[in-house]
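Visitor: Okay, here's the structure, questions in a sec.
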Amino acid sequence: MNYLFRLFVVTLYICKLSDAFMPFDYFFGEASKEEAKFFSLPLGIQPPSNFLQKRDGNFHLQNKIYTYFAINGFAGSNAQNIMLTVFTSTGDSWLTGDASCIGQSECSGQVVPEDSTNFFIGRESSSFKKLDGTFSAIYDYGSATNGAWGQDSWNFGNGLSVNDFSFGVVYPAFISGPYPAVLGLARRSTNVNSNFIDVLYEQGKISKKLFALRLANIYGNSGSIDFGEIDEGKVSSPISYTPMLDDTDGYYITMRGVSYNGEDIGDAGNYKASLDSSVTSVYVPQVFYDNIASILGLDSSGSVDCDTNISLSFDIANGISIPVSSNQLILKSGDICYFNVAPTNDDTFILGTGFLTSAYVVFDIDNEQIGFSTVDTEEYAPSTVQYYKLVD
């Protein structure tokens with residue numbers, strides 16, 4: 001017995017000596033992920049691209065003021081600069097480029113836009129692979145169609161990179177809406193390949209399928225996205241969780257309603273709510289909007305007195321309540337201020353950046369739950385949004 005025990009101990013020791021041997025977990029269970037890794041990257045407010053088509057939409061504010069958040073990075077072996085809008089409503093990612101010319105020598109004379117940021121030229125990256133199939137993404141405020149699927153490395157600095165990542169490459173003429181390039185963070189993707197969060201996990205960059213958004217005050221100039229772990233230093237209250245609703249794409253939760261001065265606006269109940277970082281406004285069912293409009297005296301254009309002071313509490317299942325103040329609910333365009341809330345045509349809420357800037361939001365995919373903590377949005381008075389370009 002002593003001999004067998006000593007043999008067992010020696011075997012354990014040898015298995016732990018070096019990666020040159022079979023992994024320890026090969027003998028004693030499934031290989032575990034590396035220790036928890038944490039990456040925090042800056043987000044900035046990204047202006048509309050100057051070579052994209054514009055499209056009139058039904059969303060009263062989305063086409064007046066764009067306040068979407070972007071992350072800076074590099075694609076391919078030659079580190080082509082990319083600036084990606086963060087989408088929580090889709091799992092697909094895409095870049096603007098000449099998909100029809102990828103890998104073809106006769107495209108050497110193709111015209112590249114003067115601002116080539118986000119214009120990906122696959123043939124200039126030795127690691128790029130064109131995949132089978134056609135890429136197409138259609139969403140409420142635009143589309144990216146007639147593209148090609150490609151695969152390459154993406155690098156965001158600070159040790160965060162992925163290899164062999166699959167994404168769409170779409171020619172500018174086939175993009176409508178304000179998004180020239182997108183980083184899709186939703187759970188599911190139309191692509192047969194893994195989406196970005198899956199790839200981070202599969203390649204050992206993170207040990208949990210989790211990310212968190214701390215979007216800047218809409219009048220600020222910074223924000224962050226955390227991958228793999230929670231940054232407790234960014235919250236001003238304990239994080240409370242509510243279950244994700246099962247859906248084909250995006251992140252949905254149950255809303256109870258909206259309150260003002262402690263009183264319910266509309267009928268409290270169980271409403272489906274989408275967390276959508278690509279949307280400027282907060283969209284609420286018509287009955288909620290009508291009551292808010294009555295309180296504020298809004299006209300049909302949605303314009304409001306720039307000195308309006310209001311705070312709405314968005315009430316979420318599991319007793320979570322996130323207050324959103326005037327400095328996030330009012331946007332200024334020129335000399336006119338607009339109320340950053342609009343009606344939907346059903347009983348669905350869409351919690352866009354007007355809401356997301358007021359919370360630290362944790363997308364815990366492994367445990368199928370969304371966490372919320374209140375944050376300090378600072379008391380900025382409404383002013384024109386200042387856009388800036390991220391730099392290396």
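Just so it is clear, glycine is given a Cβ too, placed from its N, Cα and C backbone atoms.
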Visitor: Can you sort out which of Cys107, Cys337 is the disulfide partner TrEMBL gives for Cys306?
Guide: Cys337
Visitor: Indicate whether Cys337 (disulfide bond) is helix, strand or coil by DSSP.
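Guide: Cys337 (disulfide bond) sits in a strand per DSSP.
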Visitor: For Cys306, Cys337, listed as disulfide-bonded residues, tell me which one has the smallest number of other Cβ atoms within 10 Å.
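Guide: Sparsest of the disulfide-bonded residues Cys306, Cys337 by Cβ contacts within 10 Å: Cys306.
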